[in-house]
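The block underneath contains the structure these notes are about, expressed in structure tokens.
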């Protein structure tokens, strides 16, 4: 019985892991970056957030992770995911 349960657990784990797709990363530069951002931000219906929203709390740890870098640094100089792009909307 334990063997059957162990095999079933292993099979379900393997099946679950095989269905998990890693998020694709691409480089986005120039017009391709601008068009992609326009499409993503429009589809997400997200308004541009300003750093002032975070700074008003007075804590540096509330600043967004990418506050020191720009979108070109993160997505043109090296590949990035759609989640990273959406964080700039």
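Cβ atoms here come from the backbone N, Cα and C positions, even for glycine.
According to Swiss-Prot, the features are:
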type     : residues : note
SIGNAL   : 1-19     : signal peptide
MOD_RES  : 20       : pyrrolidone carboxylic acid
DISULFID : 75-80    : disulfide bond
Using a 10 angstroms cut-off on Cβ to Cβ distances, just flag whichever of 75, 80 is the loneliest among these disulfide-bonded residues.
80
Coarse DSSP state, helix versus strand versus coil, of residue 75 (disulfide bond):
helix
